[in-house]
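Undergrad: Handing you this structure, nothing more for now.
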Amino acid sequence: MTPGGGSGPMKDCEYSQISTHSSSSPMESPHKKKKSAPKRKWEVFPGRNKFFCNGRIMMARQTGVFYLTLVLILVTSGLFFAFDCPYLSEKITPAIPAIGGILFFFVMGTLLRTSFSDPGVLPRATPDEAADLERQIDIANGSSSGGYRPPPRTKEVIINGQTVKLKYCFTCKIFRPPRASHCSLCDNCVERFDHHCPWVGNCVGKRNYRFFYMFILSLSFLTVFIFAFVITHVILRSQQTGFLNALKDSPARYPFTENSVVCFFSVWSIVGLSGFHTYLISSNQTTNEDIKGSWSNKRGKENYNPYSYGNIFTNCCAALCGPLSPSLIDRRGFIQPDTPQLAGPSNGITMYGATQSQSNMCDQDQCIQSTKFVLQAAATPLLQSEPSITSEELPLPGKTTISGPCATLTLGQPTPPSSMPNLTSDTGLTDMIPLKEEHEGHQFLTPEEAPSPPGMLPSGSPITHSHTMHVLSLASQDSLHEDSVRGLVKLSSV
Amino acid sequence: AAPQVHSLQELRRSASLATKVFVQRDYSDGTTCQFQTKFPPELESRIERQLFEETVKTLNSFYAEAEKIGGSSYLEGCLACATAYFIFLCMETHYEKVLKKISKYIQEQNEKIYAPRGLLLTDPLERGMRVIEISIYEDRCSSGSSSSGSSSSSSSGGGGGVGGR
C-alpha cells in the first residue's frame, strides 16, 4: 500500500487512484483493459434484438422470414429483368425495364430501411427513474407494498377530450406513453406500436411506419407491374407462335411459371395489405388499435380517435411526411461512467464509496476501516444465504447499496474475483478498490431508493440474472458468489 | 469556507448527489413531446419557481417546433420519400437540428442558472424523452465535514458532518 494517501486530502478520486495503480494485483490488468475498451450501448441492450455493423443496423431476433422476403423479391425481379425485359423493351418500349428498375430500387430501399431501423424503441427506465415512479405509485396507492404485487398500475390522461389509460410496463419499468405497446417478441416498448412484422424482421412503430407503408405500396406496384408484363410477354409470344409453343420454346418458361405464381399470390395479399394500411393512415390508427377496437363506435357513442386530425389528407401527411423523431436508444454511443451517484447517509461507508466526493479519510487506517465496512456490508446478504459462514452484524446503510456492488460485480467482472482468495487480506483490500472504481462506472442504487425492490439492476446489465425469489441473491453466478464470499471472509479477519 | 456558487465542473467534483427530481411528460395534447410545468416541491428551496417554469416552457416550445407539421416538414418528407429515404444517409433532419439547439440551451441553462444553485438538468433525450431529470446536489464543502487532516475526528464526525447539511 502506498504512503501517498496523506497528500491529497480533497481529491479523493486521485487518492484512490494512487492506491490502486501502485499495487501490483493481478486484477489490475483485466480491469485496465476493460477501461480502455469502452463498450457501445448496443452491446448491453436489454431487449431481444440483433445488431449488425457495430450498432448501425437493428433487427428482431428471428430474421429467417426476412431473408425469405428478400429472396422472393430478388429472384422474381431478377427473372423478370433477365427474361422478360429484353423481349418487352424491344417489342413495346424500353421504358418498361426503366420503370421496373425504379420500382425495384424503391422497394429494396424501403424494405431495408424498415428492417434495419429502430422502430421507436423506448429505453428502459434508469434505476433512479424507476425508483421515483415506484415511490409515487406507493404514495398514490396509500400503502407501502409488501411482498405481493399491487394491482395493475394505470394512469389516466385526457387527450383531446378522450380518456386514455396509460399502463405501467413491468419489464421496462415505465408508464407507457399513449399508443405505445410492449412487443413480446422483441421485449421492448415501442412508440406508436403498429405490429411486429416477421416479413421485415422487425417491429413496425413510429419511426419506421412510413418506410413500411412505402414498402408495401411500392411492392404492390412492383408485383402488379411484373405480373402484368409477364402475362403480356406470354400473350405477345403466343400471338406469334401459339400459346403452347410460346411456353415450350421460350427459355423463360420456368421463370414465367415462377413469376406468375409468386406474383399472383403476392398481388392479392400485398395489395390487400396496402389497402388496409391506407385506411389506417387516413384514420390515424395503428394496427394494434384497430384490432383492439380502441376507437370504434361499438364501444360507445362518445368514443372517437383523439389522435386524428379530422381530415384524411392531414392524417396522411402527418403519418408520411411528418417529422422523423430520432432514435432514443443511442445504439452506437459509448457507455459513460456516470457522475457520482451516491449520496451520503451519515456513516463512513458511503463516504468512501463516493469516489469523487471530498472525503475526510485520507488516512490509511481509515481507508481500510471503511473498506472493511463496505465489504462486510456487502458480504452480509451473501453470507446470509450461506449460513455456514458467520458474519458480523452490521447496520446496513441500505440494502440497495449492497445489491449495487454485488450486481456490478457480476456485471463488470465475470472472472476476476477468482483471484481474490489467493491474496492476503491486505492486497485483498486493494483488489476490492479497483472493483469499486469500476462500480462507479455503473449506476449505484442510492439508499434512498431502498423502498423499491432491490431487484432493480442497472438496466444495462448484459448478463441476464436469474431473478430468484430472494431479491438479494443477485450474484447469480455461483462461483463468483463463492469467490467473493471467500475473499470477504479473509478480509474480515483483518 | 468553500464558496457556495459552483461552476458546472466544480459541481461534479465537489458536491455529492442528494436526490433526483423527475419532471414527467404532459400527454394532454396527445403524443407530442411536452413536459409538465408543475413545480416540484423538492425544488422549493433551491430555485425560483418562475425560472424553472421558464426553462420548461422554453423546452416545450423547442419540442413543439421540432414536431411541427407544416410546409417545411412536408417538403422534407416528400423529398425523402422521392429518394426512397436514401437522403437520410447524408442529410440531418429538422428534428435533429432542433435537438442540437435544445442540448445547447440546456447546457447554457445549467451553466448560468442551475449549477450555481447546486442543480443539474439532464437532457430528456438521454432519458428516452420521458422525463426531465433534475439532479439536486448537496454541497459537501459547506457542511464542514471534509477537513482533511483529522482522521479520528472525521470517523466519528463523518457521520455528523454529512448529517449536518
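Even glycines carry a Cβ here, placed using N, Cα and C.
What TrEMBL records for A:1-40 is region 'Disordered'. As annotated by TrEMBL, compositional bias 'Low complexity' applies to A:19-28. Under the heading transmembrane segment, TrEMBL lists A:65-83, A:95-112, A:211-236. Positions annotated as domain 'Palmitoyltransferase DHHC' by TrEMBL: A:165-292.
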Undergrad: Tell me, roughly as an integer, the mean pLDDT over the domain 'Palmitoyltransferase DHHC' (A:165-292).
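TA: Its mean pLDDT is 87.
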Undergrad: For the domain 'Palmitoyltransferase DHHC' (A:165-292), jot down how many residues DSSP puts in helix, in strand and in coil.
TA: 76 helix, 19 strand, 33 coil
Undergrad: State the non-local partners of the transmembrane segment (A:211-236) in its own chain: residues 6+ outside its ends, Cβ under 8 Å from one of its Cβ atoms.
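TA: Sequence-remote neighbours of the transmembrane segment (A:211-236) are 73, 76-77, 80, 84, 87-88, 91-92, 96, 99-100, 103-104, 106-107, 110-111, 113-114, 117, 194, 197, 200, 204, 243, 246-247, 250, 252, 256, 259-260, 263-264, 266-267, 270-271, 273-274, 277, 281, 319-320.
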